[in-house]
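Report on the following structure.
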Amino acid sequence: QVVNYAPFTLLPSPVPQDLFEQAYAVQQDFNLLVDAISQNKEFLEQTLASTIKVDDFTARLFRIYIQVLEEGLAQTVFLGINRSDYMFDCGVGGTATLKQIEINTIAASFGGLTSRTADVHRLVLKVLGKTKEASQLLSNNPSKSLALGIAKAWELYGSQSAVVMFLVEEVQRNIFDQRCVELELWNRNIRVIRKRFRDVFEKGSLDASRRLYIDGQEVAVVYYREGYVPQTYDEQNWEARLLLERSRAVKCPDIATQLAGTKKVQQELSRPGTLEKLLPGRPEAVARVRATFAGLYSLDEGEEGDKIAAAAIADPERFVLKPQREGGGNNLYGEELRQVLEKIKDSPERTSYILMDKIKPQPALNYLLRAHSPLQVSECISELGIFGVYVRQGQQMVMNKAAGHLLRTKATEHADGGVAAGVAVLDTPYPV
């Protein structure tokens, strides 16, 4: 009742090798892009202007962001751990293409558990007498790479006695995923503490130079595994978040980087000319990033928004309706999408969503192993995530790398939802 195994597929799932390589090749570009957005106050203000009028959660984050900027940033080292998620779209012409679903800039999870998944599948294939196929599986260790990023940020912070703080949920369901990364840090003799927002509110303080202390321990890095959904926050937790953001500690992510991961920013990036402004003098990077974009549409008030809202109501199967939320299980499809849009089409509330073309992946058969679930063959679709890690000190990029991959697979009857939401399961790509 306390501990359960993470759900996984019995067999690895086929993934087109060229698209897999494309996803890896563009990750450093996405790292640079997220970092550039986080430093561009004007872009964030303009892009989120309509959203913060109607989305209270984004508005609260934005207010803290502005307050911290006005006070002057105490933080000089910046650490990003993100995960860019893709599906393989077999829409027009039947040739699969790589399409980005979203980029997660806060609490991007499963780097730990997926570091173990390939070994499970290797063993299964060997038991089935498929030793040649077992040797085709790629080694994958995101937990090591993520820990390297955290360790680098800790080192640049410059205090041997300071700790890394994992900011965690009240109730831990995905604890072992975090423990994998934590263990890598302990192996480097870096002390790790685990605290909740409540602990920060009750025991956190800043000294005169805005160093962060909790229980008398100086904190070098705050690694958020919590804080991306509105339900997390009561007034005390908002106070705690402000305290963390005002501190010198390296936040992963800082609040600007969390805002860079909003769906509204994702949609704005697809507008002609936007990438060129954010990545000046990098035409190849711009081309690689743009090649992964699915159709993204604004629901801002005005003619453009009216048109796309009407198109989606008329043909809801073509689109996905996305709110400004991370963590899976929030998107709307089909009839539900139509009903919600009908209700909000004439109100400013619609600007808190974006519309995206619905991806049509090629299903494959697999068995999904879940505790207490019957074993049956299911028609499944997969989503590929590539982890990215970067560290910036002042204006100098000290580390920028792709940090491993994650494959999640779900039965085709489920439209939305990740592993933590109880829908998808962990998987390993089998390159084809």
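Backbone N, Cα and C atoms are what each Cβ position is placed from, and that goes for glycine too.
Here's what TrEMBL has on this protein:
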- Arg83, 106-109, 172-174, Gln178, 225-228, Arg408, 419-420: substrate binding site (BINDING)
- Glu102, Lys263, 322-331, Tyr333, 356-359, Glu383, Lys410, Asp416: ATP binding site (BINDING)
- Glu102, Asn104, Glu326: Mg(2+) binding site (BINDING)
- 162-260: domain 'Glutathione synthase substrate-binding' (DOMAIN)
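Projection of TrEMBL feature records onto the structure.
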{"residue": "Arg83", "record": "substrate binding site", "Cβ neighbours (10 Å)": "25"}
{"residue": "Glu102", "record": "ATP binding site", "Cβ neighbours (10 Å)": "20"}
{"residue": "Ala107", "record": "substrate binding site", "Cβ neighbours (10 Å)": "25"}
{"residue": "Ser109", "record": "substrate binding site", "Cβ neighbours (10 Å)": "21"}
{"residue": "Arg173", "record": "substrate binding site", "Cβ neighbours (10 Å)": "11"}
{"residue": "Glu226", "record": "substrate binding site", "Cβ neighbours (10 Å)": "18"}
{"residue": "Tyr228", "record": "substrate binding site", "Cβ neighbours (10 Å)": "20"}
{"residue": "Pro323", "record": "ATP binding site", "Cβ neighbours (10 Å)": "18"}
{"residue": "Tyr333", "record": "ATP binding site", "Cβ neighbours (10 Å)": "15"}
{"residue": "Lys410", "record": "ATP binding site", "Cβ neighbours (10 Å)": "24"}
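With helix defined as DSSP H, G or I and strand as E or B, the domain 'Glutathione synthase substrate-binding' (162-260) counts 40 helix, 26 strand, 33 coil. For Glu102 (ATP binding site), the nearest of the binding-site residues by C-alpha distance turns out to be Arg83; the candidates were Arg83, Ser109, Arg173, Glu226. Its Cβ placed at the centre, Lys358 (ATP binding site) has 20 other Cβ atoms within 10 Å. Put simply, Lys410 (ATP binding site) is 21 Å from Ala107 (substrate binding site) when counted between their Cα atoms.
The binding-site residues recorded for this entry are Asn104, Pro323, Tyr333, Lys410, and the Cα of Asn104 lies nearest to that of Tyr228 (substrate binding site). Taking Arg83 (substrate binding site) as the reference point, the binding-site residues whose C-alpha atoms are within 10 Å of its C-alpha, out of Asn104, Pro323, Tyr333, Lys358, Lys410, are Asn104. Cα of Lys410 (ATP binding site) to Cα of Arg173 (substrate binding site): a span of 19 Å.
Here the candidates are the binding-site residues Asn104, Arg173, Gln178, and by Cα distance the one nearest Pro323 (ATP binding site) turns out to be Asn104.
Nearest in space to Tyr333 (ATP binding site), taking C-alpha to C-alpha distance over the binding-site residues Asn104, Ser109, Arg173, Gln178, is Asn104. Rounded to a whole number, the C-alpha distance linking Glu226 (substrate binding site) with Asn104 (Mg(2+) binding site) is 13 angstrom.
Considering only the binding-site residues Arg173, Gln178, Lys358, the residue whose Cα is spatially closest to the Cα of Asn104 (Mg(2+) binding site) is Gln178. Cβ environment of Gln178 (substrate binding site): Gly112, Phe166, Val168, Gln172, Arg194, Arg225 lie under 8 Å away, each six or more residues apart in the same chain.
Within 10 Å of the C-beta of Asn104 (Mg(2+) binding site) there are 22 other C-beta atoms, taking all protein chains into account.
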